[in-house]
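What follows is a single structure, written as structure tokens, with notes after it.
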Amino acid sequence: MAATAAAALAVTDELALPLRAVGDLAAAAGVSREEVVVITQCASLGGKLPFADASVGSVLAVIKKVENLGNQFITEISRVLKAGGMVLVQSSPSDQDPNNSIERKLLLGGFVDVQASAASSQDNEHSVNIKAKKASWSMGSSFPLKKATKGLPKIQIDDDSELIDEDSLLTEDDLKKPELPVVGDCEVGATRKACKNCTCGRAEAEEKVEKLNLTSEQINNPQSACGNCGLGDAFRCGTCPYRGLPAFKPGEKIALPGNFLAADM
């Protein structure tokens, strides 16, 4: 009948297992020697162990031939071991480098904290001890992963930094309302004469006035003693100073067209 549970299990592919090895396993597992179940010639089991799942606290495997510790047998050891249980493999050195081979098999079998060390017995027979633990989590277990939510990057605002008021950069002269020059005024004083490099049109107007033999006063403030001067040439006498000029209203500046006197040029 198959056993249901054991505090510790010692297996070997040989006919017998030394009591010293059983004592070492009991000490490592923290149990008495009587609580250790021993199985010899494990290769004849066909890679199966007569124990229920997660029913053994610790396992010691004393292997003479590395090929007897196959992947199937390591999977079986992992099945019967409790979560977090220890497995200790003792093997003799050989040309097949059992240290590297067994370590790799244990890692591929899901064991963790795999550590190897050299040891020697009282009869000076050298061996390799490889210790590992079964993971505390169950094979095939799953758990939800929390996806990190990406928020908008936070802008670090330095409260000590002061914002500059744009208005404070303006001077008093900048705030003054600009004074636009009077249209037609060259700003040459009370005489209001055109300047040398006149560009406002005053020089042309003065030239027209000179050709008419009229004063600026007569152009800017025309008056008529007879009352007919402002009506046009049809009503003006032969000696009228405004003869040839367009009609105007007394007291209002006479508007001379741009092509006035063009025929005289």
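A Cβ is built for glycine as well, from the same backbone N, Cα and C atoms used for every other residue.
According to Swiss-Prot:
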| type | residues | note |
| --- | --- | --- |
| REGION | 1-143 | region 'N-terminal SAM-like domain' |
| REGION | 144-175 | region 'Linker' |
| BINDING | Cys186, Cys195, Cys198, Cys200 | [2Fe-2S] cluster binding site |
| BINDING | Cys226, Cys229, Cys237, Cys240 | [4Fe-4S] cluster binding site |
| MOTIF | 226-229 | motif 'Cx2C motif 1' |
| REGION | 226-240 | region 'Fe-S binding site B' |
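Residues of the same chain lying 6 or more positions beyond the ends of the motif 'Cx2C motif 1' (226-229) and with a Cβ under 8 Å from any Cβ of it are 235-237, 240-242, 250.
The sparsest Cβ neighbourhood within 10 Å, among the listed binding-site residues (Cys195, Cys198, Cys237, Cys240), is found at Cys237. Between Cys226 ([4Fe-4S] cluster binding site) and Cys198 ([2Fe-2S] cluster binding site), the C-alpha separation comes to 37 Å. Taking each of the binding-site residues Cys200, Cys226, Cys229 in turn and counting other Cβ atoms within 10 Å of its Cβ gives the largest count for Cys229.
The residues near the [4Fe-4S] cluster site, meaning same-chain residues not in Cys226, Cys229, Cys237, Cys240 whose C-beta sits within 8 angstroms of the mean position of the site's C-beta atoms, are Ser224, Ala225, Asn228, Phe235, Arg236, Thr239, Tyr242, Arg243, in sequence order. Taking the Cα atom of each, Cys195 ([2Fe-2S] cluster binding site) and Cys240 ([4Fe-4S] cluster binding site) are about 31 angstrom apart. Each residue contributes its Cα atom, and for Cys198 ([2Fe-2S] cluster binding site) and Cys240 ([4Fe-4S] cluster binding site) these two points are 31 Å apart. The two recorded residues, Cys229 ([4Fe-4S] cluster binding site) and Cys200 ([2Fe-2S] cluster binding site), have Cα atoms 29 Å apart.
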